[in-house]
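Trainee: Below: one structure in structure tokens.
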Amino acid sequence: DQFDNLDKHTQWGIDFLEKYAKFVKERIEIEQNYAKQLRNLVKKYCPKRSPKDEEPRFTSCIAFFNILNELNDYAGQREVVAEEMGHRVYGELMRYSHDLKTERKMHLQEGRKAQQYLDMCWKQMDNSKKKFERECREAEKAQQSYERLDNDTNATKADVEKAKQQLNLRTHMADENKNEYAAQLQNFNGEQHKHYYIVIPQIYKQLQEMDERRTIKLSECYKGFADSERKVIPIISKCLEGMILAAKSVDEHRDSQLVIDCFKSGFEPPGDFPFEDYSQNIYRTISDGTISTPKQEGMRIDSKTTVGKAKGKLWLFGKKPKPQSPPLTPTSLYTSSTPNGSQYPIFSIEPVHYCMSDIKTGKPRIPSFRSLKRGYFCLQGPALEDFSHLPPEQRRKKLQQRIDELNRELQKETDQKDALIKMKDVYEKNPQMGDPSSLQPKLTETMSNMDRLRMEIHKNEAWLSEVEGKVAARSDRRHSSDINHLVTQGRESPEGSYTDDANQEVRGPPQQHAHPNEFDDEFEDDDPLPAIGHCKAIYPFDGHNEGTLAMKEGEILYIIEEDKGDGWTRARRHNGEEGYVPTSYIDVTLEKNSKGA
């Protein structure tokens, strides 16, 4: 008899189910937003660089990048949790809620129909009861009327008969209504018993089973909600372990070594500053025309002239500072010592030497022009291609990396050529598969790319060999310099000269007349230099800049001055035209007999 209350209870159960489904939906949105924010965070702090960027890969940076990757995987697991909850919990709840509403509606309709049928039976029984009651009253009235007429002496026999017939009719109708009422009553009692003992209990049982299934479904969803989180815990643990391993992989010593390798230039450290004796004028007691001076004074002057050379070594990237002229005071002849202890005369600084010094400062020498030209090409031209603007060690690394990249590209082109050749053979054997001539343009293009890559590799290998040769020579010279530094101090002869490359120094053996040789060097451009070899141009060179010599591929030139470390070689044509050409653009052959000329 609690049909209405059960109706309310089942509706509350469905509302609670939908309320929990809404809770799961909001939890899914939280997980999705959390995962999205984590991915945005990772994307924000991930390094934004192209594959060609070569920044130092410090272990601390690598560890941070690994942590970002693990965090990105962690965000992915949060997305897995949201997807699993949406599929196993929320989606299942929404489908079950729809089915539950349909089933509840069907059971309630059956209950209402049973109740309506019972009400209809009760109405029929009640109508028959009322009709039977009415007929009984009419029969009683007919009987009272018959008895009154029968006792009345004045009544005629016809009136009495008529009253008797009316009594019999009412009695008969009362009996029929009685039977009908009894039948309707029996039927109603049966339907009522069936309603309360069979139909309604069956409907209520179905509603009870439906409500219990709803409760079980909620329990399963609660478990699925937790399982969605528990399934990803092992993977999340691995992500956290990866972060810990990344933290343990940080190596401070390796990072320091990377800094050293990154900024190592390969240049020699500057030499020691010699002692500059400013008291030499105090001890000058003889006239300008004196033939000899004390040895100590000569040694002081020699040390002072060495200062300019030592300072020149400090200029690593540009041209050397303009050499200072000696003081305009005549000094007498002085002597210098050789490594074996012997002494030799040095040409004295006479007034004519002052004139030569003025000429030297006024005349633009070729080595100075070489330095200027080299500085210009660091900004424009081949310097950017051969990395000559970089220190030797960094240049060597860049060239080696470029050679490796070119070799990889050449290998790809070679594989592509082999594949095209095989495909062409297949087409020739089976023309129905394709036209062999259609592959010829692609094959020609691939061969052209291979030739171009080989030329690039050869050119870069020539530059690399040049750099490695300089590094080896610099190492040998550093070793020799250390030995000489231990033997004696300040024994550098005036013949020690420096090229424009501040790292290369050419020292000649002591001559009996050093200053006259230096005097001749000042006018080395007056007479044509002898050829010390020849070269063949591997690549064409425009030679637009002043002092350079244009050349065509395959052209033969004379070598009159070797590369002194700046990447340029002085060459001469057959018609006498001279200029500088890039060393990496030519194939040099030196004559053994004329190399020292």
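Placement of Cβ uses the backbone N, Cα and C atoms for every residue, glycine included.
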Trainee: Can you check which of 122-166, 302-346 TrEMBL lists as coiled coil?
Mentor: 122-166
Trainee: Along the domain 'F-BAR' (1-255), what average pLDDT does this model show?
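Mentor: Mean pLDDT across the domain 'F-BAR' (1-255) comes out at 90.
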Trainee: So how many of the residues in the domain 'SH3' (530-591) end up helix, strand or coil by DSSP?
Mentor: 3 helix, 29 strand, 30 coil
Trainee: How do the residues of the domain 'REM-1' (389-466) split into helix, strand and coil according to DSSP?
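Mentor: The composition, in the requested order, is 72 helix, 0 strand, 6 coil.
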